[in-house]
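Comments concern the structure below.
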Amino acid sequence: MTTSSLPRLGTLAVGGILAVTLPFWVGDFYQLHLAALIGVYWVLIAGLNLVVGYTGQLSIGHVGLLSIGSYAFAIVVGRYGVDPLLTLALAGALGGLCGFLLGLPSLRLPGFYFAMATMAFALIMAELSLAQGGLTGGGAGLPVPGFAAPFDTPTGFYWLVLLVAALITWMTWNVARLMWGRGLIALRDSEVAAAAVGVPIFRLKLTVFTFSGVTAGIGGALFASLQSYITPETFVFELGLFFFVCIIIGGRGSILGPFVGTVVLTALPEMVAPLAKLGNFFYGLLLLAVVLVVPEGIGHVIKSVLARLQKKGPDPKGLQPDIGRLAAAVRRGMRQDIQRGHAS
Amino acid sequence: MLTVLVSGLAIGALYAATGLAYNIMFSTSKVLSVTTGHICMLGGVFGAYFMLDLGLPAPVALVGAVLVGAAFGLLTEVIAIRRVLARSDEHLWLLSTLALATMVQQAVGLWWGTEPRPFPRLADQDFTAGVLDQKYWLPIAAVVAMALGLEFFYRRTMYGKVFQAVSEDAFAARARGIATDRTRALSFAIAGALGGLAGFAAGQLTFAFFALGLTLTLYGFIALAVGGLGSNVGALVGGVALGLFQTLATYLFGGEYQQTIAVGLLMVVLLVKPEGLFGSKKVRPV
């Protein structure tokens, strides 16, 4: 991973500068809005990526958690006049709590059961937001206030989103690349094997799911503020499917892939008018094509193509074992064992 | 009160039919297809299309709806299941059937419209018939016929026994010279035909509505999970229980919390008896 860190850092820096200065070179406010929307989606998807991409738990109902964050923000700020930034944290905490409560029973269920449970959760949330008219405004919806002084313009709001998104990306990156991420991937590939080597399966799943609830709550608060008016119609089940599709198309077990997926899938229907009309049909078709042709996701394809271009090797996946080093390590290990044997 | 019970029984029959369709596909492929509810939706929508837009008589429309369902079931197997099972990754079938379900739902929404449309009456009957109204007893009759037919098929016919063999142990069946791939495709076609029939019969209850598929996928699955995966009796009991439970709850507390109640039932059953009421306990010895 750290072999080519210099070009990687360079790319990251260029990307960061481009993202920060985006309000100055982007064409109009609509495109800025789109960029902010991508950022908001990414806040949620970054957390969901740990659940879907790394842990392999197919949650298709994260839109329910998103709606919780949105309504919490709209109600707390709009009705009680609490500081928006404080409420942002509050929405995250509430989202995390709901994620925890949802995960507690449902993460014990096997694959399809879990997917159905999260889908049911999304439908229940839609139903509750309609039924609890006194709290959520029912079908008529709620107006959502914006943020305070430095973040009240579109540009300021974009920077806030960017800040939050960068922070959460950094956090997920830390989780993914360290011991946690290894545990998650082990869990995804074989639960039995992971349990056998001492990965605390359920606790790990629940922690990651709770974290994804936090990001969903924060994303929901930002989303509500961006939309400035929310109704139960805003949080249709298909939105949850969209988040899920972004990750699967981007590629499981990577952060860059789902990010590219989010950007492309959010921007493409806006840029190409006929696709917007097809909407979910397009997403479904894309998902089907990816699953059938490249189940590892498009990010993986790009990566292997890049690797092939750089190395011109026969097989980008193939590893050449360093026999000498391996033998040395084994010898060293044996020596240590012997020493330990003497010591005891 | 009687109306509540009968309508609960009728909607429960539709859930049970969806559960049966799940079971037929699951038995040969060990796949729980997300498209199951959409099959029933297609039966209802195409039934209404054949009768209202094309003006065909009801029996022809019924055959048409069943054929559309069977074709869609077969299509699911060919597109979303066959290649994915050959690759043998656990979760991929869930993704591929989900993708297909989304596509079908959106396509029907674009073509048929997103508003629910009324389904025509099948037999001459006054609207004053109350509990004897055809919209209640048609789905009930259909699911009873389906269950009896399936039981006969599994017990008395050669093909039914082939199905059972594949369901017991696909490798052993293959070793005995059974074309497991063809059997699986056939099972999807049969599930599609029965789902189309159920959707057609329940059309007057549910209306021809494009978003029905996803709801039925969920409720049919809940019925099956409550009753026990793989058991046809379980699907029937679970479906009827879920339907009655829902309509009674609606009658007592109002209609806003239907899904919450249904999922609550599922959670309670899964916590108390994870294999369902009539399911067989399959514990892998490690």
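Residue numbering: from 1, along the chain as shown.
Just so it is clear, glycine is given a Cβ too, placed from its N, Cα and C backbone atoms.
Caution: TrEMBL annotation is automatic and unverified by curators.
Taken straight from TrEMBL:
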- B:6-24: transmembrane segment (TRANSMEM)
- B:31-52: transmembrane segment (TRANSMEM)
- B:58-80: transmembrane segment (TRANSMEM)
- B:92-112: transmembrane segment (TRANSMEM)
- B:136-154: transmembrane segment (TRANSMEM)
- B:185-202: transmembrane segment (TRANSMEM)
- B:208-226: transmembrane segment (TRANSMEM)
- B:233-254: transmembrane segment (TRANSMEM)
- B:260-278: transmembrane segment (TRANSMEM)
Run the contact check on the transmembrane segment (B:92-112) against the transmembrane segment (B:58-80): 3 or more C-beta pairs under 8 Å, excluding pairs closer than 6 in sequence.
yes
At a Cβ cut-off of 8 Å, and with pairs 6 or more apart in sequence only, do we get at least 3 pairs between the transmembrane segment (B:233-254) and the transmembrane segment (B:6-24), yes or no?
yes
Is the count of Cβ pairs under 8 Å between the transmembrane segment (B:58-80) and the transmembrane segment (B:260-278), pairs 6 or more apart in sequence, 3 or more?
no
Considering pairs 6 or more residues apart, do the transmembrane segment (B:208-226) and the transmembrane segment (B:31-52) have at least three CB pairs under 8 Å?
yes
Between the stretches B:6-24, B:31-52, B:260-278, which one has more Cβ pairs under 8 Å with the transmembrane segment (B:185-202) than any other?
B:31-52
Stretch among B:6-24, B:31-52, B:260-278 sharing the most Cβ pairs under 8 Å with the transmembrane segment (B:136-154):
B:6-24
Going along the chain, which residues at least six beyond the ends of the transmembrane segment (B:31-52) come within the CB cut-off of under 8 Å?
14, 17-18, 21-22, 25, 58, 60-62, 64-66, 68-69, 72-73, 76, 80-81, 85, 93-94, 97-98, 100-101, 104-105, 108, 112, 117-120, 188, 191-192, 195-200, 202-203, 206-210, 212-221
Apart from its near flanks, which chain residues at least 6 from the ends of the transmembrane segment (B:260-278) lie with a Cβ under 8 angstroms of it?
218-219, 222, 224-229, 231, 233-234, 237-238, 241-242, 245-246, 249
